[in-house]
Every structure is written in structure tokens, then in C-alpha cells.
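Worksheet for the structure shown next.
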């Protein structure tokens, strides 16, 4: 717990159904109880939300990742924003540890939507005043909004884990980006651990299928740490791990901020060359989706600090790195 000074303040934190354990941990660290609200479903599937305490004039923070089931969690968020607006909240801040539809951030082919922008429009129209996000798949999504966005990074949390792991010697490690787009993220982790980086050149013939083509960098005899923002079906990460092993890597660790882990991901990871998978709790993982070799790190402390700084009208930029 960070402090007790916010117990009787106008700071309110609410959780929807997306990741209640994370929201509870954030509230505990801030030093307040979660706000009281009910989220129910009608028999036809419609969502009904009721805020069970006064929030008039309050600074409200709604914690909700729009993870699987994406559409249900997104609708819960939009309805809650509307409920807060109609209940006269002074400020409606949404805390989105995982932003669904972020991978649809551009037109890859003709006649395709830009759904990440559509979601931004929906959030703004519903009435949100600010968003605190964690590792957006495409940083330019911040530009889809006309409200302030605080974009936090999970890399420092992952870096701290490896720094404190007695089985890891940074001098014998190499940080690996699974594609060209992740080089900036890999460089940040490499800077923390003071290690070199490598890049995997891959081509994706069709969605959810990845082919590892070439590795750029020195791998032989080193412990390889693959870092990505999202692991979905785990095709990319497991093929990358095998390619690194084939190139002489001593051990292969994989890490990501957002463990989507859909479809065959669990089986693929458990049967792969990956020694350990390090993820954050930005997405709620049940045992049916969590590989046995998974280590989960908490982002609650980071989110709690961001919430307090926003509430106190202090700079959040110190949390960006």
C-alpha cells in the first residue's frame, strides 16, 4: 500500500469485469477501496451497469482492459463511461492496460477499416477525459485521440525482473526483437540490461502464421531474451525461439507485456525451446491459457503511481522510462 491519504478523498477507482484482480491490487496500492458498482447481463446479453455510490464531483478512474472477449469488455467500458458522465463525475479517466483492436491501426489492404481509430472515437464520444494506456501496439494510436493519453511502458518492469534473476548474467545475454517493428522496445530492454541486441527477419505469409527467415546479430553461446508487446497464438515467438536455439543460443527466454495467448498458444509454448515465459498481468490469464513455464509480473504499482500523479495534477512523464 502506498499511503492512506486518499481514503476520504474525491479519488474513486472502479473495476469492470476485464481484470478485477489487477484493479483490486491497484486500489490496495493507492490505499482506497474499489468503488461499488454492479455489472450484470440481461437474458438477451445486454449489459446493465449501476454505480452504487455517489461520484458527483469526483475524479473517477475506470480500470478495464479490452481483452478477450474484446467486444464485451469494450461495451462495458463505454457504458461505464456514460454512467459516470450522467452521474456528474468531475473527471472520467480510463485505465486501459490492454487496448483491444490496436493491431488494426492502419489500412493494410484496400477497403479495410482502421478499427483502432473507431474505438478511440467511441471512447471520446462516450465521455472519457483521459486515458492511461500500457504498451500500445502502435504508439501512433495516441494520435487517434483528442484527449490526453499517458502511455506507460512495461519494459522497465521486465528489465527489473531480469536484473534480479540470479540465473541470468546480463553479460552473457542478448536481447532479441522478433521483427523489425519491435527494435525500439528491444533496445530499451538492452539498455537496461546493458546487453547487445539481435533482430529476427521474418515474413508472414498469412495472418497468425509466421516464418522465421534470418537472424541478425551474435547469438552463439548467449542467453537469448525475446521481447514483444503481444503474444497471441505464439507462432512467431516459438519459431523465433527454435531459430535462436539452432543458431547456438544457450537458453531462450520470451517476454511480453500483453499475454493474449489465444488458440494453440499454451501448447506451442510448452512444447517449444522457450525456457521461461515472462508476462505482465495486464490481461487476466486463467489456467487454461497459461503455459506451465510462465512467470507473471505485476503492473499494479506502475498504474497506481500513474493514477496518483494524474489525481494530484503532477507530471506522469517520470513513469514513461
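Cβ coordinates come from backbone N, Cα and C, glycine included.
Under the heading ATP binding site, Swiss-Prot lists 44, 45, 46, 103, 104. What Swiss-Prot lists as Mg(2+) 1 binding site is 137, and the listing cites sequence analysis. The Mg(2+) 2 binding site annotation in Swiss-Prot covers 179. Residues or ranges marked as active site by Swiss-Prot on the basis of sequence analysis: 202. Per Swiss-Prot, the feature D-ribose 5-phosphate binding site maps to 204, 228, 232, 233, 234, 235, 236; the stated evidence is sequence analysis.
Overlay of Swiss-Prot feature records on the structure.
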residue: 45; record: ATP binding site; contacts (Cβ under 8 Å, 6+ apart): none
residue: 46; record: ATP binding site; contacts (Cβ under 8 Å, 6+ apart): none
residue: 103; record: ATP binding site; contacts (Cβ under 8 Å, 6+ apart): 116, 137, 138, 230
residue: 104; record: ATP binding site; contacts (Cβ under 8 Å, 6+ apart): 112, 113, 114, 115, 116
residue: 179; record: Mg(2+) 2 binding site; contacts (Cβ under 8 Å, 6+ apart): 199, 200, 201, 202, 236
residue: 228; record: D-ribose 5-phosphate binding site; contacts (Cβ under 8 Å, 6+ apart): 177, 178, 182, 185, 236, 237, 254, 255, 256
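Cα of residue 44 (ATP binding site) to Cα of residue 235 (D-ribose 5-phosphate binding site): a distance of 36 Å.
Residue 179 (Mg(2+) 2 binding site) falls outside any helix or strand according to DSSP and counts as coil. Residues 44, 45, 46, 103, 104 are listed as the ATP binders, and the farthest two of them sit 30 Å apart at their Cα atoms. Residue 234 (D-ribose 5-phosphate binding site) falls outside any helix or strand according to DSSP and counts as coil. Cβ-based crowding with a 10 Å cutoff singles out 236 as the top-ranked of the binding-site residues 233, 236. Each of the binding-site residues 234, 235 was scored by how many other Cβ atoms lie within 10 Å of its Cβ, and the smallest score goes to 235. Neighbour count (other Cβ atoms within 10 Å of the Cβ, all protein chains): 19 for residue 232 (D-ribose 5-phosphate binding site).
Cβ-based neighbour count (10 Å, all protein chains) for the residue listed as 'Mg(2+) 1 binding site' stands at 20.
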